[in-house]
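To start, the structure under review is shown below, and the notes come after it.
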């Protein structure tokens with residue numbers, strides 16, 4: 001039974017005994033203030049008494065709305081204006097109110113912060129403390145290692161990213177075995193014995209339907225691969241060459257691939273002979289890579305310590321630069337077509353501009369052994385390197401020192417590394433037959449983030465950037481635990497470098513003026 005009584009023009013009291021009234025929620029409603037009262041009986045006089053009760057207790061509607069009504073068992077327990085509910089002649093059970101939209105918006109309106117600096121004298125101190133805490137928490141949660149993939153029976157020699165699937169990865173081992181992995185499930189999809197001897201190179205067609213491999217058995221094989229990563233048991237095409245092919249890479253858009261060996265050969269699909277061959281000198285080329293933007297440009301590393309640039313549209317190589325030691329691999333910057341980084345045997349990485357090869361743009365130092373592989377992030381701002389010192393290092397393009405080092409107790413010499421196409425993960429292969437999956441950002445929280453979490457993380461990153469130059473925050477953010485072998489080797493290299501500087505300074509100090517000319521640096525030489 002429900003009875004509605006008109007009280008004031010903008011107010012109403014509804015006396016109701018319906019049990020479904022309990023499901024009402026506190027939300028914006030009409031311009032009327034509706035008070036739902038659950039009762040056993042209700043009359044007109046009772047409603048009038050209730051009206052007088054509320055108006056006497058709270059004075060006016062505005063005050064009543066600001067206080068609000070929540071679920072309560074007795075009027076007296078909620079407001080305390082009258083001793084019992086019996087005074088109104090009605091056993092009250094619950095009360096619930098619904099605010100008018102104008103009042104609801106006024107109560108929940110977000111007030112603008114007063115930005116007057118005089119009203120916030122300790123703002124800088126508070127933000128510095130927050131930045132310090134955020135930097136400490138970043139180091140606490142820096143756990144980059146995610147998983148280890150065990151399936152090879154020999155050392156992992158080469159890795160290849162799938163161009164259309166983020167969860168698929170291909171790897172080749174020293175025993176000629178080729179495996180397709182599902183990174184999401186961390187399981188082997190297909191395992192194939194591809195070559196007699198080591199698998200030297202892997203690449204995938206831009207559509208992801210064909211896979212090319214080369215090995216020490218002087219063959220190039222083309223395999224069919226399904227969208228789920230299932231490789232055909234037998235190769236679709238087998239090409240027998242005249243030399244050992246040490247590297248292979250596919251064109252980004254055309255049905256063309258390139259191999260390196262005694263010469264750099266350009267192949268067209270469905271052809272059994274090279275479409276074009278390049279040679280410069282007598283030494284063999286052990287690595288070749290297509291430029292991802294200027295797709296007709298090739299970069300190659302040769303055994304005679306040179307880096308050679310080729311243009312497929314020309315008849316001869318373009319340019320060559322000679323370093324002090326051999327370059328193992330190189331990687332093009334995906335956002336700057338003229339820039340590439342070379343991984344060298346002298347423990348360093350060199351970033352070159354192909355328009356001026358006489359001097360590197362930057363020399364990246366921190367490895368204590370030969371650098372075996374390098375790969376750029378899709379953003380082009382960072383790259384990861386794999387070292388013979390059993391470590392991975394992440395560098396910023398414009399910095400000479402690494403920002404991150406990844407290592408484990410069981411990981412041995414790292415031979416290959418790849419940065420995932422979604423810019424979130426790093427995959428590495430090493431001599432002890434394992435493939436490891438890492439986070440690109442060591443302290444990143446995986447999974448779906450709520451908007452408040454994203455806002456808090458962005459705020460913390462902004463604070464860390466603002467106060468990054470301060471000594472305490474800089475010291476905490478740069479601190480890394482490294483293996484004992486790496487620590488001792490880096491300390492020894494630092495002493496040797498300081499000794500060379502002291503010797504050179506003494507030689508200049510005890511020489512006649514003009515006898516000791518200034519030493520000019522050449523490409524590949526550290527200062």
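Note: Cβ is positioned from N, Cα and C throughout, glycine not excepted.
Owing to the predicted nature of the structure, the values given are computational and were not obtained by experimental measurement.
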If TrEMBL is the reference, give me the range from 450-488, 489-527 marked as region 'Disordered'.
489-527
Within the repeat 'WD' (364-405), residues counted as helix, strand or coil by DSSP:
0 helix, 23 strand, 19 coil
Apart from its near flanks, which chain residues at least 6 from the ends of the compositional bias 'Basic and acidic residues' (492-503) lie with a Cβ under 8 angstroms of it?
347, 368
Long-range Cβ neighbours of the repeat 'WD' (407-448) (under 8 Å; 6 or more residues past either end):
137-139, 141-161, 163, 166, 169, 171, 173, 181, 183, 186, 372-379, 383-392, 394, 457, 482-483, 486
Tell me, what is the mean pLDDT of the repeat 'WD' (192-226)?
94
